Amino acid sequence: MAAALTDMADLEELSRLSPLPPGSPGPAARGRAEPPEEEEEEDEEEEAEAEAVAALLLNGGGGGGGVGGGEAETMSEPSPESASQAGEDDDEEEDDDEEEEDESSSGGGEEESSAESLVGSSSGGSSSDETRSLSPGAASSSSGDGDGKEGLEEPKGPRGSQGGGGGGSSSSSVVSSGGDEGYGTGGGGSSATSGGRRGSLEMSSDGEPLSRMDSEDSISSTIMDVDSTISSGRSTPAMMNGQGSTTSSSKNIAYNCCWDQCQACFTSSPDLADHIRSIHVDGQRGGVFVCLWKGCKVYNTPSTSQSWLQRHMLTHSGDKPFKCVVGGCNASFASQGGLARHVPTHFSQQNSSKVSSQPKAKEESPSKAGMNKRRKLKNKRRRSLPRPHDFFDAQTLDAIRHRAICFNLSAHIESLGKGHSVVFHSTVIAKRKEDSGKIKLLLHWMPEDILPDVWVNESERHQLKTKVVHLSKLPKDTALLLDPNIYRTMPQKRLKRTLIRKVFNLYLSKQ
């Protein structure tokens, strides 16, 4: 046993001083030693077994444990914790190898079973008799303490898949090109150094080692938690340590004075309004007041009213000093007129709530277009409704009939003029004889004062006894003498009503 420990120390020192060839594992892959009783009983058999195994491993490119000086190291009984975690494609081979290892340990050193477990095992860890061997492409991990204590060999990461002739990563963190990449979850994906330092492993909360996939899942879940924390606006520890800072949602709004040659800036609208009122409005003298606000539509337009300028500047400052006096209402207005229009709405709402328990929302706050539409519908409905009082009674009908008869007797519109012409009758009021011997007669037309008197020959007297003239050809100034309703200036509705009445009177006169 002492000789075996001495050889182990010599091999470790040689591995430190001389570089190892690719594919050969360092002494960090050694396992636990068996008890002295087993070593003495099977010393000779295991020496031959170790030499055969070492030759097979070196010829096959696999990383076997360092065996030298003819001294063999005993193989420890495998424990559940000493089995390295393999990739997903090597699960079946790992189960078979574990069964073979159990048989070899229980059989007391059978050469064939131990050789198969050393050469064909796909689990991590380089070994001779003392440690379990790594298959080609696997990463070895250190387990030796250097003082003969039993050290548990645990994997640092998942092995690469077995490839033909590819060496695993050695104890000096050398990764061969024949196998897949070996990832270490603890210290950057390499095995422990040859100095016997124990590789760091990621341990779960219950003490079990984490595989590569478990570690990656935990890392990805941590990253997702951080992303969700940042997106939701919560402060992360990194932010609290100064690596990040949360910005406040509220921003200070600056109110700048845009008056010509004024660079004042305020933090609130009332302060800006006081500044404009005291400096720019009240400071103007001479009876002429102008607004010098940049971009104003009445820029530099003179006015004689200072109160107008004060009200106008409220549109620039945004201040609304006129607040509603009704309790519970927070409305404010830029002008007193707006406040005066707002206050009655509170009382109208109270009255409407008494009349109707469910007032319409549109009536409480109607738009201008809605008001005009309702007004038109209301007026249309009012015109269509029948009138409650009708003053066209029998007495009125008799008076209209009398006036129609008198008008017809004087103008003969209905009897001779067919309803649209006036019939004039002539009478001789004078007679004269000219120098040529002709006799002239002066005719006077009835109804009077409509047509002027005219001189005609005596031979034309018979033809001019009557004269029919259309109403449209009568002079307007004299046509009103027939009846005041002719050419009377009145609204269109009353004119239409009058014409209907005239037609009705004429119809009655025919009866």
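Yeah, the Cβs are placed from backbone N, Cα and C, and that goes for glycine too.
What Swiss-Prot lists as region 'Disordered' is 1-223 (among others).
According to Swiss-Prot, the feature N-acetylalanine maps to A2, an assignment based on similarity to another entry.
According to Swiss-Prot, the phosphoserine annotation covers S18 (among others).
The phosphoserine annotation in Swiss-Prot covers S24 (among others).
As annotated by Swiss-Prot, compositional bias 'Gly residues' applies to 59-71 (among others).
If you look up Swiss-Prot, you'll see 115-144 marked as compositional bias 'Low complexity'.
The phosphoserine annotation in Swiss-Prot covers S135 (among others).
Annotation source Swiss-Prot lists compositional bias 'Gly residues' at 160-169 (among others).
According to Swiss-Prot, the compositional bias 'Gly residues' annotation covers 179-190 (among others).
According to Swiss-Prot, the feature phosphoserine maps to S200 (among others).
What Swiss-Prot lists as region 'Interaction with RBBP4' is 203-288.
Taken from Swiss-Prot, the feature phosphoserine applies to S204 (among others).
If you look up Swiss-Prot, you'll see S205 (among others) marked as phosphoserine.
Listed by sequence, the residues of this chain that lie at least six past the ends of the zinc finger (255-280) yet keep a Cβ under 8 A from its Cβ atoms are 292-295, 310, 313-314, 316-319, 321. Per Swiss-Prot, zinc finger is recorded for 255-280 (among others), and the stated evidence type is sequence analysis.
Swiss-Prot lists 294-316 (among others) with the feature zinc finger. Restricting the average to the zinc finger (294-316) gives a pLDDT of 84.
As annotated by Swiss-Prot, zinc finger applies to 322-346 (among others), with the evidence given as sequence analysis.
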Counting only residues 6 or more past its boundaries, what in the same chain has a CB within less than 8 Å of a CB in the zinc finger (294-316)? 258-260, 273, 276-277, 280-281, 284, 287-288, 334-335
Secondary structure composition of the zinc finger (255-280) [DSSP: H/G/I, E/B, coil]: 12 helix, 5 strand, 9 coil
With DSSP as the reference, give the number of residues of the zinc finger (322-346) in helix, strand and coil. 11 helix, 4 strand, 10 coil
